[in-house]
Amino acid sequence: VTCDLLSFEAKGFAANHSLCAAHCLAIGRRGGSCERGVCICRR
């Protein structure tokens, strides 16, 4: 959801990746990133 919700990039900074990482941290994971529009959390 977070990857498609705010998928924009400004000066090389992708806000959707930050939101995905924050989502993953909130559920107890070690961060994450977007891959093909899907938020993938690290284990």
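Here the Cβ of each residue, glycine as well, is placed from N, Cα and C on the backbone.
Candidates considered were C34, C41; the recorded disulfide partner of C3 in Swiss-Prot is C34. Neighbour density for C34 (disulfide bond): within 10 A of its CB lie 19 other CB atoms from the protein chains shown.
With a 10 A radius on its CB, C39 (disulfide bond) counts 20 other CB atoms from all the protein chains. Most Cβ neighbours within 10 Å among the disulfide-bonded residues C3, C20, C24, C41: this distinction goes to C20. C3 (disulfide bond) sits 12 Å from C24 (disulfide bond), taking the CA atoms of both as reference points.
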